[in-house]
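According to Swiss-Prot, the feature active site maps to Glu15, Ser150, Ser281. As annotated by Swiss-Prot, domain 'ATP-grasp' applies to 101-303. As annotated by Swiss-Prot, ATP binding site applies to 134-189, with the evidence given as sequence analysis. Swiss-Prot lists Asp257, Glu270 with the feature Mg(2+) 1 binding site, giving sequence analysis as the kind of evidence. What Swiss-Prot records for Glu270, Asn272 is Mg(2+) 2 binding site.
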Amino acid sequence: MKKKIAVLLGGNSSERKISIKSGYAILQSLLRSGFNAYAIDTRDFPIMQLKKQGFDSAYIALHGTGGEDGSIQGILEYLNIPYTGSGIMSSAISLDKWRTKLLWKSLSLRVLPDIYLQKKDISKYTYSYILKKILKLKFPVVIKPNNAGSSIGITIVNHPDLLIDSINLAFNYSNNIIIEKFLKGTEYTVSILNKKVLPPIKIITKNNFYDYSSKYIESSTEYICPSGLNYQKEEELKKIVEIAWNSLGCKGCGRIDAILDNKDKFWLLEINTIPGMTHRSLVPMAAKSIGISFDELILKILKINK
C-alpha cells in the first residue's frame, strides 16, 4: 500500500501565496512520480488530525512563521509523522536572522554589522537613540523583519527622514527587526541538498537589492549558473556555506545567500531552510545545472526526510 503524503502549504504567514505556489508544484511532482499525495492548507486543516486521516509522511512547503520556525516540526514530531527538512531547533534558529548571525559571527564567518530592536521595547527607544546607533553604521542601511522571508517588509534607507516609516513597516511583519549596514556588491545564492553544496547562482537585479519584486515579479532579474566565479573563489564560497549550514544543524534542502564586496570578500546574508519551489525558484535551477530534474529533486528531498 502506498504511503499517504501530506504536502503542507499555505498557512497564515506573509509568505502564504508563495507557499501555495511551491506546494502545488511539489504536489504535482509527487503525483507524476506515482505517490499518494494531497495538498493540506494548514490555515484550514486541523493539523492534529493528520495521523487520524491516515497520513504517513509530510512534505513541508510552508514558508515563514508557522512553517520554518520549528512549530510545525514540533507538531509532526509529537504525531510521530516523518517530515522533510530541518528539525525543530535548526528551524527555529534559522528563521531568527539575528541569532543566526550571532552564531555565524562566533565562527568567524563574515556578517554585516546591525542593530536589533524589539517591538515590546520600542517605547524605550527615542528617535535620537536609534539615529545615533545608525550613524555608527552609516547610511544607507537595510531595515528588515527579523522573522520573515521572501524579502517582505524590507527597505533600504538613505536618509533619517525615512527611518520611522521603514521601522514601522518592518514591525508589521515581525515583533523584532534588524537595522543592518547596506553593502553594495554582487549577490550569490547557494543551495544545499542533503550534505551536497550545489553550484552557486549569481543574481543580477536592476533594483537596489534582491527584493520581493526581483524574486517573484520582475522578469528582468538575471540568474547566472554557472556563476562566473573562478574555481578558487567558488570553492571558497561553497566552503563558507557548508560551515554556515552545518553550524545550524540543518538537514534536507536549503539555501544560503551571500554577497561579494569590492574587496573580494564574501559576507553571509541569511539562510532559507524551506526554499521556494516555484518556476522562478533557485534550488531547482542549481539542481538542474548538475543534471537533477525537478521531479528527481523532489524525490531526493522526500527520501532524506526525518
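We count from 1, first residue shown onward.
Glycine is no exception: its Cβ is also placed from the backbone N, Cα and C atoms.
Distribution of Swiss-Prot features across the structure.
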residue: Ile134; record: ATP binding site; Cβ contacts under 8 Å, 6 or more apart: Ile115, Val141, Pro160, Leu163, Ile179
residue: Ala148; record: ATP binding site; Cβ contacts under 8 Å, 6 or more apart: Ser13, Ser14, Glu15, Gly64, Thr65, Tyr173, Ser174
residue: Leu169; record: ATP binding site; Cβ contacts under 8 Å, 6 or more apart: Ile143, Gly153, Thr155
residue: Leu183; record: ATP binding site; Cβ contacts under 8 Å, 6 or more apart: Leu112, Ile259, Asp261, Trp267
residue: Glu270; record: Mg(2+) 1 binding site; Cβ contacts under 8 Å, 6 or more apart: Lys97, Thr100, Ile256, Asp257
residue: Ser281; record: active site; Cβ contacts under 8 Å, 6 or more apart: Ser22, Pro275
Query = About how far apart, in whole Å, are the alpha carbons (Cα) of Asn272 (Mg(2+) 2 binding site) and Asn176 (ATP binding site)?
reply = 18
Key: Sparsest Cβ surroundings (other CB atoms within 10 Å) among the recorded positions Glu15, Asp257   = Asp257
Ask   = Around Leu162 (ATP binding site), which residues of its chain at least 6 apart sit with Cβ under 8 Å of its Cβ?
value = Thr155
Note = On average, residues of the domain 'ATP-grasp' (101-303) score a pLDDT of 90
Inquiry  = Return the count of C-beta atoms lying within 10 angstroms of the C-beta of Asn272 (Mg(2+) 2 binding site), excluding that atom itself.
reply    = 21
Ask   = Relative to the Cβ of Asn176 (ATP binding site), which residues of the same chain, six or more apart in sequence, are found under 8 Å away?
value = Trp98, Tyr116, Leu117, Gln118, Lys119, Pro145, Asn146, Asn147
Inquiry  = Helix, strand or coil for Leu162 (ATP binding site)? Use DSSP.
reply    = helix
Request  = Please state whether DSSP places Leu183 (ATP binding site) in a helix, a strand or coil.
outcome  = coil
Key: DSSP state at Asn176 (ATP binding site), helix/strand/coil   = strand
